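K.L.:
Submitted below is the structure of interest, expressed as structure tokens.
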Amino acid sequence: MNEDPIFALATGAGRAAVAVLRLSGQGSGAILGKLAGGLPRPRMASLRQLRHPDSCEVLDQALVLWFPGPASYTGEDSAEFHLHGGPAVVAGVAEALVATGARPAEAGEFTRRAFLNGKLDLTAAEGIADLIAAETAGQRRQALRQAGGALATLYGGWAGRMTALLARQEAFIEFEDEDLPADLDAAVVEAAAALRSEIATHLADGGRGERLREGLTVAILGAPNAGKSSLLNALVGREAAIVSARAGTTRDVVEVRLDLGGIPVTLADTAGLRDTLDDIEVEGIRRARQRAEEADLLLLVFAADQPLDVDTLAWRRPDALVVMNKSDLGGPPAGFDGLMVSARSGAGLETLRARLEYEAVARAGSTAETLLTRPRHRAALQEAISWLSTLQSAPLPELRAEALRAALRALGRITGRVGVEAVLDVVFGEFCIGK
Ligand SMILES: Nc1nc2c(ncn2[C@@H]2O[C@H](COP(=O)(O)OP(=O)(O)OP(=O)(O)O)[C@@H](O)[C@H]2O)c(=O)[nH]1
Ligand SMILES: [K+]
Ligand SMILES: [Mg+2]
């Protein structure tokens, strides 16, 4: 249960009021005792002088905590040093820890040990990584739910039902000649169909959980001088992109982050669409088109003092938001059903913002349901579903049992119950050092 001792800064790098160093693994108690001149009571903060074990030089006056395993984050013997947050203090204590035989931890190594010690499943570990990365309230809520075991409970419940079905199917195989109810076999098929449809419903979430985790991208598209950069600046409230009266000002994609209703949105301003011989602008327009293709949502910008631009109209897909900018210069053309705005006067901007927020929430809004958050969850669930479909049409009980076992393995990979080695590096590679 206790592996070699590792340590890492658990708080951010740089100067701060307090820096927390965390230590975990074999001999953590002895190491803490050496530096702090004895072990404090478990889980009680106590103020100690920390000394280097070789030179006996005083390194800091710090709060120390002792967490004997298994009642610790990692499940191992662990300790925390709450130091004065200067780089030299942290470096001095880190050096003292190395002198006692501890080594710097790798990214995610603490949580990996917690997983290996059964403290949490893989989905909860991912939830912790997401919680640390969360930028908006919506992301925080989703991550907290997952870290708290919501996905683990859901998938664990399905796995439990599959295991029970497998037991029934195996009993049917083993005692086929005996007096088992004749409809037992049919009952397994029926229950598997019910499970299959529950998983299918969970998968048909429109990708909202994944989108909330990753954030949405909105690409602004339009003719040169339509006022795309002006709109971006107005929406974000600062001069993020260069604005000028010269057509072809924007070439690189300019990105800003917005929090729309708890959903992180990347708004991308792009080069104006037109035929041009300027090779830099041509590249800018290529990037604009590429960004538009990848975007979750398009914001098509026209200018009220210009005829409707045909290059922009070509991008009018069903999910595109259409705005007519420069409403201070003219009214909408006949039949125009988009939004009138003016980046200059601010007219219509609140409505536009509300509309963007509405679209973001429709695509990624957090709901009361527990949503899957990663492509690897989706892939494994799709595999489980396809095995449950195989089961439906399998002509023999033995084949049905085999399909159930395969579906269980697919589920087990999500929570980390089976075949985890390959998955672990992917999951824990997302973590920062110190977690
Ligand atoms: N009257 C008026 N002028 C505007 C408005 N929005 C932008 N402009 C002006 O229109 C010109 C072009 O604005 P930009 O924001 O640079 O337009 P753009 O679409 O980003 O242009 P490119 O980057 O060249 O494609 C500038 O002179 C702006 O000041 C508006 O709502 N009303
Ligand atoms: K311009
Ligand atoms: Mg521009």
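Cβ coordinates are placed from backbone N, Cα and C, and glycine is handled just like the others.
The feature (6S)-5-formyl-5,6,7,8-tetrahydrofolate binding site is assigned by TrEMBL to Arg22, Glu80, Lys119, Lys435. Here TrEMBL flags 225-230, 244-250, 269-272, 342-344 as GTP binding site. Look at TrEMBL and you will find Ser229, Thr250 tagged as Mg(2+) binding site. Residues or ranges marked as domain 'TrmE-type G' in TrEMBL: 215-361.
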K.L.:
May I ask you to report the DSSP-based helix, strand or coil state of Ser229 (Mg(2+) binding site)?
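P.N.:
In three-state terms, Ser229 (Mg(2+) binding site) counts as helix.
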K.L.:
Counting by DSSP secondary structure, give me helix, strand and coil numbers for the domain 'TrmE-type G' (215-361).
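P.N.:
Residue counts in helix, strand and coil order: 42 helix, 35 strand, 70 coil.
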K.L.:
Where the distance is taken from Cα to Cα, which of the binding-site residues Ser244, Thr250, Ala343 turns out closest to Lys435 ((6S)-5-formyl-5,6,7,8-tetrahydrofolate binding site)?
P.N.:
Thr250
K.L.:
For the binding-site residues Arg22, Glu80, Ser244, which residues place their CB under 6 A from an atom of ligand 2?
P.N.:
Ser244
K.L.:
Could you round the CA separation between Arg22 ((6S)-5-formyl-5,6,7,8-tetrahydrofolate binding site) and Ala343 (GTP binding site) to a whole angstrom and send it over?
P.N.:
50
K.L.:
So the record assigns Arg22, Glu80, Lys119, Lys435 to (6S)-5-formyl-5,6,7,8-tetrahydrofolate. If I measure every Cα pair among those residues, what is the longest distance in angstrom, as a whole number?
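P.N.:
In whole numbers, the farthest two Cα atoms are 19 Å apart.
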K.L.:
Relative to the Cβ position of Thr250 (GTP binding site), how many further Cβ atoms are located within 10 Å?
P.N.:
22
K.L.:
As a test of the contact definition, list every same-chain residue at least 6 positions from Ala343 (GTP binding site) whose Cβ is closer than 8 Å to its Cβ.
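P.N.:
Counting only residues 6 or more apart in sequence, the Cβ neighbours of Ala343 (GTP binding site) under 8 Å are Gly227, Ser230, Leu231, Asn233, Ala234, Asn325, Lys326, Leu349.
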K.L.:
Cβ under 6 Å from an atom of ligand 3: which of these binding-site residues qualify? The list is Arg22, Asn225, Lys228, Ser244, Ala343, Lys435.
P.N.:
Lys228
K.L.:
Near ligand 1, meaning Cβ under 6 Å from any of its atoms: which of the binding-site residues Glu80, Lys228, Ala247 fit that description?
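P.N.:
List returned for ligand 1: Lys228, Ala247.
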K.L.:
Check each residue in the chain of Ser229 (Mg(2+) binding site) that is at least six apart in sequence and keep those whose C-beta is under 8 Å from its C-beta; list them in sequence order.
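P.N.:
In sequence order, the residues whose Cβ lies under 8 Å from that of Ser229 (Mg(2+) binding site) (at least 6 apart) are Ala241, Ile242, Val243, Thr249, Thr250, Val254, Asp269.
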K.L.:
Please determine which of the binding-site residues listed here (Ala247, Ala271) has the lowest count of neighbouring CB atoms within 10 Å.
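P.N.:
It is Ala247 that, of the binding-site residues Ala247, Ala271, has the fewest other Cβ atoms within 10 Å.
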K.L.:
Just checking, which of Arg22, Lys119, Lys228, Lys435 (binding-site residues) has the fewest C-beta atoms within 10 Å of its C-beta?
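P.N.:
Output over binding-site residues Arg22, Lys119, Lys228, Lys435: least Cβ neighbours within 10 Å is Lys119.
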